[in-house]
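As recorded in Swiss-Prot:
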type    : residues                                               : note
DOMAIN  : 4-235                                                  : domain 'ABC transporter'
BINDING : Gly37, Pro38, Ser39, Gly40, Cys41, Gly42, Lys43, Ser44 : ATP binding site
Amino acid sequence: MACLKLQAVTKSYDGVTPVIKQIDLDVTDGEFIVMVGPSGCGKSTLLRMVAGLERTTSGDIYIDNLRVTDMEPKDRGIAMVFQNYALYPHMSVFDNMAYGLKIRGFGKEQIRQRVDEAARILELEPLLKRKPRELSGGQRQRVAMGRAIVREPAVFLFDEPLSNLDAKLRVQMRLELQQLHRRLKTTSLYVTHDQVEAMTLAQRVIVMNKGVAEQIGTPSEVYQRPATLFVASFIGSPAMNLLAGTVSPDGRAFILADGMTLPLEVPRPQWADRRLTLGIRPEHIQQRVSQQKTSAQGVPMTLLTLELLGADNLAHGQWGGQSVIARLSHEEMPTAGSVLYLYLPPAALHFFDSESGLRMES
């Protein structure tokens, strides 16, 4: 096991435009970190730099306090699991897991001990003589993990390892990854575009956007207190409702573009006349039966459509020409065209500066 440190890591392919911008990260011994973000955000590039498959333009990478920035991948003490398994089709499961050890000069008995132990951990013992074509997708991915485990690396690197699996198998493999990490306690850096994977696997999440680490925090911190508008819009399904507007001169209302006002039970006079974006998650909006427009009874919204999800329902509408989604219980089934009265609890409101995108603190 080892710690991992990234110090002002930057990457540019043309020497002008950075695709990774000054990333600083400290991963403690045995920690499981997940990088999440949309396609093209730089998460896989950053992982490849840690692996040594990409060179940094500037900055340094340390593994267990050893500077590895210019080291070859084989000398860094890392093991990588890829999206496409990368198994040798003509080799058995045993030989696939053992191959890396063979070319590094390990003895037969040491190889057998390591492969047998990894197979036991991953429940692959009955499959050691099979070829990859005889395995399911989940079994192939476990073989790929086994090949990484036998190396006994200082750091595990995972590059979207579950992307090729169907939804049901992804759930199963997430659970297996959690159990594997609890057992091995190896420092791990994991890349995914799937926020469910990020939130369920990570001890800390790095939300990436355009080469920048927008926020680094626990899953709870990232979800409950997003640091930027991007994080608020990316994390959560459905995403946080984000409404652009201005705080009234007395700080007691939030005025939307068309003049519609949302009462603020907790006045914000310090932000008077300032252009902000108000955010609230769909599950925090509460439906009221009263038709009064006071904040305690709810603000009216005409229902455009209702999505029935089984466990709950999503009500879609608009305020001030801006989309709003409220998560209702499965028992609440209003019809399209009806008016809902929605209450916004003060403690559930988030405010962001509309220009910088940064979170506003009261």
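Cβ coordinates are placed from backbone N, Cα and C, and glycine is handled just like the others.
Around the Cβ of Gly40 (ATP binding site), 13 further Cβ atoms fall within 10 Å across all displayed protein chains. Most Cβ neighbours within 10 Å among the binding-site residues Ser39, Ser44: this distinction goes to Ser44. Each of the binding-site residues Gly37, Pro38 was scored by other CB atoms within 10 A of its CB, and the lowest score goes to Pro38. There are 24 other CB atoms within 10 A of the CB of Cys41 (ATP binding site), with all protein chains counted. Over all protein chains present, the Cβ of Gly42 (ATP binding site) has 22 other Cβ atoms lying within 10 Å.
With a cut-off of 8 Å between CB atoms and residues at least 6 apart in sequence, the same chain places Met35, Val36, Gly37, Val191, His193, Ile206, Met208 near Lys43 (ATP binding site), listed in sequence order.
DSSP assigns Ser44 (ATP binding site) to a helix. Highlighted in sequence order, His193, Met208, Asn209 have their Cβ within 8 Å of the centre of the Cβ atoms of Gly37, Pro38, Ser39, Gly40, Cys41, Gly42, Lys43, Ser44, the residues recorded for ATP, and are not part of that set.
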